[in-house]
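Q: Got a structure for you, written out below as structure tokens; questions coming shortly.
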């Protein structure tokens, strides 16, 4: 009878131990996920080739937008002309992407798509300008002198840029700066 009580006690304590370990692991996973503030909704579907990385803790983006390095990005899955893209971004209180540096879109580095960005040629200033009127830094696109001034710029997150007719249809990236 004593052997039976000891075996039963070991069985019960072993089962309770496994339950405690499972609950601890689940709690750890839930806590880790609650501190990650990557705001992306399943309905967004930026495409199978976009790989998201952790967001910094300084931003919260609206539904269907991706938060990364204190900015919010909308990565379209539909194709529009450059002007249509610009107007759609403006309607969301944002602008077509203005790149600050070549690392800005690291979270999309596996994408092969080209997207309209907010860079176009100003005949008035005879220069490539961002939507906000600032000049293009030469280090971003070293070969920008070869771009056709009658075109707009489509950008690939791998760092490639193409000049294409502004009437062509491409996907686009809107950017909202939070800070």
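Positions of Cβ are set from backbone N, Cα and C atoms, glycine also.
Residues annotated as topological domain 'Cytoplasmic' in Swiss-Prot: 1-10. What Swiss-Prot records for 11-31 is transmembrane segment. What Swiss-Prot lists as topological domain 'Extracellular' is 32-179, and the listing cites sequence analysis. Feature annotation from Swiss-Prot assigns disulfide bond to 58-70, 61-72, 89-174, 152-166. According to Swiss-Prot, the domain 'C-type lectin' annotation covers 68-175, on the basis of sequence analysis. Marked as N-linked glycosylation site by Swiss-Prot: 83, 132.
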Q: Just counting, how many other CB atoms are there within 10 A of the CB of residue 132 (N-linked glycosylation site)?
A: 8
Q: For residue 72 (disulfide bond), find which of the recorded positions 83, 89, 152, 166 come within 10 Å, Cα to Cα.
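A: Among 83, 89, 152, 166, not one has a Cα sitting within 10 Å of that of residue 72 (disulfide bond).
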Q: In the structure shown, which of the disulfide-bonded residues 89, 166, 174 has the fewest other Cβ atoms within 10 Å?
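A: Each of the disulfide-bonded residues 89, 166, 174 was scored by Cβ atoms within 10 Å; lowest is 166.
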Q: Between residue 152 (disulfide bond) and residue 132 (N-linked glycosylation site), what is the CA-CA distance rounded to a whole number of Å?
A: 15
Q: If one measures from the C-alpha of residue 70 (disulfide bond) to the C-alpha of residue 89 (disulfide bond), what distance in angstrom results, rounded to a whole number?
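A: On Cα coordinates alone, these residues lie 18 Å apart.
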Q: Give the residue counts of the domain 'C-type lectin' (68-175) per reduced DSSP state, in the order helix, strand, coil.
A: 16 helix, 40 strand, 52 coil
Q: Counting Cβ atoms within 10 Å of each candidate's own Cβ, which of the disulfide-bonded residues 61, 70, 72, 152 comes out highest?
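A: Buried the deepest by this measure is 152.
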Q: Taking Cα atoms as reference points, rank the recorded positions 83, 89, 132, 174 by distance from residue 61 (disulfide bond) and give the first.
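A: Smallest Cα separation from residue 61 (disulfide bond) among 83, 89, 132, 174: 174.
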Q: Note down the number of other Cβ atoms within 10 Å of the Cβ of residue 83 (N-linked glycosylation site), including every protein chain shown.
A: 13
Q: Check residue 61 (disulfide bond) against DSSP and tell me helix, strand or coil, would you?
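A: Note: residue 61 (disulfide bond) is coil by DSSP, not helix or strand.
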Q: I'm checking region-level scores; what's the whole-number mean pLDDT for the domain 'C-type lectin' (68-175)?
A: 86
